[in-house]
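Scroll down for the structure; my scribbles are underneath it.
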Amino acid sequence: MITEAIQKVVAGINLSEAEAMETMQEVMEGKATQAQIASLLTALHLKGETVPEITGFARTMRTKVIRVQTKRRNLVDTCGTGGDGANTFNISTACAFVLAGAGLPVAKHGNRSVSSKCGSADVLEQLGVFVQLTPEEAGLCLDQVGIAFLFAPLLHGAMKYAAAPRKEIGIRTVFNILGPLTNPAFAENQVLGVYSSDLAPVLAQVLANLGTKRSFVIHGCGGLDEISLAGEALVYEVKDNQVKEMIIDPMDYGLDRAPISALAGGDAKRNARMIKNILSGAPGPQRDTIIINAALGLIAGGLVRDLAMGIRLAEQIIDEGYALKKLNLLVEFSQTLVGRRSAAL
């Protein structure tokens with residue numbers, strides 16, 4: 001199938017969802033050569049990936065992921081595509097602790113740095129979290145703490161076949177956008193930031209196709225994959241298989257304008273310090289950015305009806321120490337799990 005798929009895509013012909021599923025299956029079962037994988041990814045990039053293609057790829061990837069089992073329901077994920085090149089601090093990771101502090105179960109899917117200086121796994125490690133949990137440990141962490149980090153390389157083993165071609169061609173590929181669509185705990189609700197305004201409605205429709213419960217796809221001012229205080233954000237709400245476009249301006253909710261430079265991050269040590277400060281109640285544009293992005297997650301998880309209520313609740317969760325407490329609990333429990341491993345040896 002992959003040979004036929006390459007020929008079609010090179011000719012500018014879109015794949016059907018079924019064809020995309022079959023093609024990805026060959027890739028993830030090691031039946032495609034590295035040259036074929038590289039050719040397919042490059043051709044797709046040049047043609048532009050469609051909703052049926054991304055949906056089909058994601059469906060196959062979901063069948064290959066090592067599933068994280070949990071007793072928790074109504075899971076939320078804040079994993080975005082990354083790749084905006086802005087080198088901000090880890091906004092979606094900080095938001096995850098606000099959501100968990102509010103009582104939402106958070107299955108935070110992520111990886112090490114791809115396009116920035118510091119990925120979610122990097123900053124969580126710096127904060128003291130043990131990120132390389134087994135599927136069983138991650139499920140236990142979700143059950144006991146209400147938040148767990150799902151480290152992509154340990155749970156998407158079939159991705160190994162595409163790793164070398166992706167690295168060698170050195171361009172952004174469809175795999176960069178498949179990560180947020182393939183949460184190993186099958187989170188039903190998402191806040192998914194994207195690096196391109198053109199990609200936002202595409203991924204919103206893909207989420208609808210995949211049966212998301214309630215999710216938001218965000219493309220922020222200045223190309224950010226988050227809502228920023230610099231200006232209006234393009235947001236797509238996905239609910240009941242319907243996609244609704246909206247524009248969100250933080251100023252409409254009493255938040256002051258701030259340049260994107262106010263969100264500048266650095267290495268893992270710097271970003272960890274910034275997150276700790278925000279969760280400890282430090283005021284400023286970094287806090288306000290976390291609050292408005294977390295507010296969307298609170299809506300997605302069903303805790304609040306609208307953005308204004310979400311902002312108020314996010315402020316309360318931070319100011320009353322619940323978000324920081326959740327971070328500390330995750331650090332403690334993840335390290336306890338490591339200790340159990342050592343004791344079992």
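Cβ atoms here come from the backbone N, Cα and C positions, even for glycine.
Annotation source Swiss-Prot lists 5-phospho-alpha-D-ribose 1-diphosphate binding site at Gly80, 83-84, Thr88, 90-93, 108-116, Ser120, citing sequence analysis.
Non-local contacts of Asn111 (anthranilate 1 binding site) by the CB criterion (under 8 A, 6+ apart in sequence, same chain) comprise Gly119, Ser120, Ala121, Phe151, Ala152, Pro153, Gly179. Residues annotated as anthranilate 1 binding site in Swiss-Prot: Gly80, Asn111.
Annotated Mg(2+) 1 binding site per Swiss-Prot: Ser92, Glu226, in sequence order, evidence recorded as sequence analysis. Other C-beta atoms found within 10 angstroms of the C-beta of Ser92 (5-phospho-alpha-D-ribose 1-diphosphate binding site) number 26, with every protein chain shown included.
Within the same chain, residues at least 6 positions away in sequence whose Cβ sits under 8 Å from that of Arg166 (anthranilate 2 binding site) are Leu41, Thr173, Phe175. Reduced to three states, the DSSP call for Arg166 (anthranilate 2 binding site) is helix. Per Swiss-Prot, anthranilate 2 binding site is recorded for Arg166, and the stated evidence type is sequence analysis.
Around Glu226 (Mg(2+) 1 binding site), the C-beta neighbours below 8 angstroms that are at least 6 residues distant in the chain are Gly80, Thr88, Ile91, Ser92, Gly193, Ile218, Gly220, Thr289, Asn293. Glu226 (Mg(2+) 1 binding site) falls outside any helix or strand according to DSSP and counts as coil. The Mg(2+) 2 binding site annotation in Swiss-Prot covers Asp225, Glu226.
With all protein chains in the displayed structure included, the most crowded Cβ environment within 10 Å among the binding-site residues His109, Arg112 is that of His109. Its Cβ placed at the centre, Thr88 (5-phospho-alpha-D-ribose 1-diphosphate binding site) has 25 other Cβ atoms within 10 Å. A helical conformation is recorded for Ser92 (5-phospho-alpha-D-ribose 1-diphosphate binding site) in the three-state DSSP classification. Asp225 (Mg(2+) 2 binding site) sits 16 Å from His109 (5-phospho-alpha-D-ribose 1-diphosphate binding site), counting Cα to Cα.
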